[in-house]
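Trainee: Annotation comment: Swiss-Prot describes Arg25, Gln26, Ala27, Gly28, Arg29, Asp74, Tyr151, Ser206, His325 as substrate binding site. Taken from Swiss-Prot, the feature site 'Transition state stabilizer' applies to Asp74.
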Amino acid sequence: MLKNDLFLRALKRQPCSRTPIWVMRQAGRYLPEYRAVREKTDFLTLCKTPELAAEVTIQPVDLMGVDAAIIFSDILVINEAMGMNVEIIETKGIKLSPVIRSKADIDKLIVPDIDEKLGYVMDALRLTKKELDNRVPLIGFSGAAWTLFTYAVEGGGSKNYAFAKKMMYREPQMAHLLLGKISETISAYLLKQVEAGADAIQIFDSWASALSEDDYREFALPYIKQNVQAVKAKYPDIPVIVFSKDCNTILSDIADTGCDAMGLGWGIDIAKARAELKDRVALQGNLDPTVLYGTPEKIKSEAAKVLKQFGQHTESSGHVFNLGHGILPDVDPANLKLLVEFVKEESARYH
């Protein structure tokens, strides 16, 4: 039995004594303890070494007191498992090769055997689960098909997604072929993560806001829905969070995927999101990550604002406090600790 199941209870919209908190990228460069591990190895080797991945996954639980751990990995492990070469240089960016721009390129990609190609993630999950010793839940995750598609077609990050959109608009069937292949891999990967011990799943659609509403409905949401339904069909009790960054105008469409919770960027008042969705799903978020550069007073007042905007809890509401995106690498860890402690204390009044 979990000693602290607040995170899972909030996702399932069950009564909680306070609002749980974790933050995206909580295992990362802002922590000196993470940097000490990272100095010894490169980023992808860290992801692929279960002992090290488990160590950095647990650091923020020990040091910051967050209510959930998220397995240390990267969304691009799927692209690599499908046959692409992935280079991640933390300060310089990301390079994938060969780029995928034709039917022949797509045909060369495999739908991998997850245990064979991504077994190291499952090993890290099992080890982390054991070392956490039921203190807090463990989150497994994947990138969404659209985001992984953009990396495959662009060969890295992009300002305007020209190659990805060219495929969408000129050869939509080919785009769907690639998206479908990626989505099939994501679904299998998520199921294996639950099998290995993940208590909840988050799907990250980091580049969601690059698409218009209609394009998002056509090229992104159907695949997210496939992934959510794959998890729900086999593991109905495992909560799934969808983080479609800054898709604030189509919240109800995202809720229609069948997810339990929705991650919000900081560009929307959480009160508006709650009013629109009427507690159909739990909400996660949504403090601007740069608030953590602020004074202690400012951090507290901005966090208090998010809690107040979400408002009083009912029997069917759920809120997980988080940032609207990942914590930035140059934030003072003391500021995150202050935020975590403040949210734990301040949120009780709304429950």
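Here the Cβ of each residue, glycine as well, is placed from N, Cα and C on the backbone.
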Trainee: Around the C-beta of Tyr151 (substrate binding site), how many further C-beta atoms are within 10 angstroms, looking at every protein chain?
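Mentor: Summing over all protein chains shown, Tyr151 (substrate binding site) has 27 other Cβ atoms within 10 Å.
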Trainee: Given the binding-site residues Arg25, Arg29, His325, and counting only Cβ atoms in the protein chains shown, which has the most within 10 Å of its Cβ?
Mentor: His325
Trainee: Are there residues of the same chain, six or more positions away from Ala27 (substrate binding site), whose CB falls under 8 angstroms from its CB, and which are they?
Mentor: Tyr34, Val56, Thr57, Gln59, Pro60, Ala69, Ile70, Phe72
Trainee: To the nearest whole angstrom, what is the C-alpha distance linking Tyr151 (substrate binding site) and Asp74 (site 'Transition state stabilizer')?
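Mentor: A Cα-Cα distance of 13 Å.
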Trainee: Using DSSP reduced to three states, classify Ala27 (substrate binding site) as helix, strand or coil.
Mentor: coil
Trainee: Could you tell me the C-alpha distance between His325 (substrate binding site) and Asp74 (site 'Transition state stabilizer') in angstrom, no decimals?
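Mentor: So the Cα of Asp74 (site 'Transition state stabilizer') lies 15 Å away from that of His325 (substrate binding site).
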Trainee: Look up Tyr151 (substrate binding site) in the DSSP assignment and reduce it to helix, strand or coil.
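Mentor: Its secondary structure by DSSP: helix.
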Trainee: Please report how many Å separate the Cα atom of Asp74 (site 'Transition state stabilizer') from that of Arg25 (substrate binding site), as a whole number.
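Mentor: With distance taken Cα to Cα, Arg25 (substrate binding site) is 10 Å from Asp74 (site 'Transition state stabilizer').
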Trainee: Quick one: largest C-alpha distance among Arg25, Gln26, Ala27, Gly28, Arg29, Asp74, Tyr151, Ser206, His325, binding substrate per the record, in angstrom?
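Mentor: It comes out at 23 Å between the most distant Cα atoms.
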